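What Swiss-Prot says about this protein:
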type: TRANSMEM; residues: 6-26; note: transmembrane segment
type: TRANSMEM; residues: 66-86; note: transmembrane segment
type: TRANSMEM; residues: 135-155; note: transmembrane segment
type: TRANSMEM; residues: 177-197; note: transmembrane segment
type: TRANSMEM; residues: 257-277; note: transmembrane segment
type: TRANSMEM; residues: 283-303; note: transmembrane segment
type: TRANSMEM; residues: 382-402; note: transmembrane segment
type: TRANSMEM; residues: 428-448; note: transmembrane segment
type: TRANSMEM; residues: 493-513; note: transmembrane segment
type: TRANSMEM; residues: 537-557; note: transmembrane segment
Amino acid sequence: MISNFILFALFIVTIALITKPLGSYIFRVFNNERTYLDWLAKPFQRVYLLVLGESSKKEQTAKAYFFSLVSFSVMAFIFVLVILLLQGILPLNTQEIKGMSFPQALNTAVSFITNTNWQSYSGETGVSYFAQMLALAVQNFVSAAVGLCVAIALIRSVARHETATIGNFWNDLGKGVFWILLPISIVIAIVYIFQGVPQNVMAYLHVHTLAGTEQIISQGPIASQEAIKSLGTNGGGFFNANSAHPYENPTVITNYIQMVSIFAIAAALTYTFGKWVGNTKQGWLIFGVMLVLFIISLVVMTISELHGLDFLHSKDIQDIYGQVGHLSNMEGKESRFGVFYSTLYNTVSTSASDGGVNSVLDSYSPLAGMMAMLNMAIGEVIFGGVGAGFYGFFMFLMLAVFIGSLMIGRAPSFLGKRIEANDMKWTMFALLISPCCVLVFTGLAAVIPSVHQTLTNSGAHGFSEILYAYISGANNNGSAFAGLSANTNYLNITIALSMLIGRFGVIFAVIMLAGSLVKKKRSLQMSEISSLDTTSFIFAILVFFTILLIGGLTIFPALGLGPILDQLNLNFL
């Protein structure tokens, strides 16, 4: 138990220590200031901008920025889709893997361009090396950079005033890849290789075991993809077992690096925001609220897994309980990680829009599974994905400012800018589109007989498997309850739709809000006379409960039919 507390404290301290330097670095990169990596990144950026031509030089309005973002995503989608369909005739296909069916290729392409990395295939048997490296790994970089671009555009809109432009998407995209994601990923990949993660393009090995049978050992360019998988909060595993596989996550060191890299950029953006708007206290308040939400989720999930079987009334279980004192849920977990390392990793991955797992979420207790769903359902705002976590949290921040200001009889304003009805329309659109998407698609799937046939469990847990899939898709997480066999035409298409709506619907609202904020006057006098201090402890509490009430209650009825009912059923076993 003491070792668990030490690990947790070390993890939190590490995140806190890297937040300021990495946040300052991100600020310098996007504010066109000199950095230590200019010598490495600038040559790539010059070539990239030369190819783009004039489109990369002019500042863009919100509509132009969004149009460029969508145009890029459409091109990326077509690129990935074609490779997945034709991978059977493309090079570097040592296992002679055939091209995907169109519905599965469509689902996978949408999944990777939206930074979701939902996988209805097994990586080691469903995708060739060529497709892994050129299609999926590349999207791990650029889809993360797209989210980062949106966050930076939003931050600019708060910092700027009385102008019409929020930056240039193409320029921001290059900076996100060449200055931030690529250099850090190279370092992480090298560390992974030294820790035993394979990095090659050799055919799978056929070995004879001591039992006299033949076993196929998969390998491939794993380290390079694993590095950006976590740093870019992508989560899609090279193997079906994801980070539970010893080739993806061989040691406690790689496990720790993956957890830190998942939160690194999301945490740093809180400081980037504070520094850019000239109020670092505001950034640290955001960091603090995120941290409290994370700790609560981790505590509930860990206690549920450590003591989740204590209440079962089976005589055999009670006999064991009498001998050992308590029963921990080790089903679906690697013995080398144990309960706490598993729950910590999965709390991190579901809090961020990562979706990587080092244990089987479907085998978690219903209460722990519910916490994983809640982490995603509130909009992935507990640090969240690269960029997406920050702009998702900012929507709740705007709502809290609006509610708090009206409660004390003041005109809503944030950092000297008046918050008006149009701003709140975009805010509520961003906050409600994903929950609506989840509830509609889950309700439809729950009454379709063909979906029932894909479930390995019935009743409340079967419903939880469906609910989890659409929560994960709409919030761009990508993790799953493995009891759902997702490779059907209906699930491939509807989950793809939920990923598209959850990603680009929210981004559209965020960029439109940025376009509104950037045009406003910034009155320091307005900020000073307002009695709503947005850096105070009271305001932090208001933001905290706004997230729980608005984010949590929208999905609570569905949770009542799934994991809550599942937990109550277990109590009476």
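Going from the start of the chain as shown, residues are counted 1 onward.
Cβ atoms here come from the backbone N, Cα and C positions, even for glycine.
Since the structure is predicted, the reported quantities are computational estimates derived from the model, not experimental observations.
Residues 11, 14-16, 18-20, 22-27, 30-31, 148, 151, 155-156, 158-159, 180, 184, 188, 191-192, 226-227, 230-231, 233, 243, 249, 283-284, 286-287, 290, 344-345, 348-349, 352, 354, 356, 383-387, 389-390, 415 of the same chain sit 6 or more residues outside the transmembrane segment (257-277) yet have a Cβ under 8 Å from a Cβ within it. Same-chain neighbours of the transmembrane segment (428-448): 377, 379, 392, 395-396, 399, 463, 466-467, 470-471, 474-475, 490-491, 494-495, 497-498, 501-502, 505-506, 509-510, 513, 550-551, 554-555, 558, counting only residues six or more beyond its ends whose CB sits under 8 Å from a CB of the stretch.
Long-range contacts of the transmembrane segment (177-197) within its own chain (CB-CB distance under 8 A, at least 6 residues past either end) are made by residues 25-26, 29, 35, 37, 40-41, 44-45, 48, 141-142, 144-145, 148, 222-224, 226-228, 230-232, 247-248, 250-251, 253-254, 257, 261, 264-265, 386. Same-chain neighbours of the transmembrane segment (493-513): 62, 65-66, 69-70, 73, 103, 106-107, 110-111, 114-116, 118, 120, 150, 153-154, 157, 166, 388, 391-392, 394-395, 398, 423, 426-427, 429-430, 433-434, 437-438, 441, 444-445, 469-470, 473-476, 486, counting only residues six or more beyond its ends whose CB sits under 8 Å from a CB of the stretch. The transmembrane segment (382-402) shares the most Cβ pairs under 8 Å with 135-155, out of the stretches 6-26, 135-155, 283-303, 537-557. Contact between the transmembrane segment (135-155) and the transmembrane segment (283-303) is absent: fewer than three CB pairs lie under 8 Å, with pairs separated by 6 or more positions in sequence. Counting same-chain residues at least six beyond the ends of the transmembrane segment (66-86), those with a Cβ under 8 angstroms from any Cβ of the stretch are 55, 60, 99-100, 102, 104-106, 108-110, 112-114, 127, 130-131, 134-136, 139, 142-143, 146, 149-150, 169-170, 173, 504, 507-508, 511-512.
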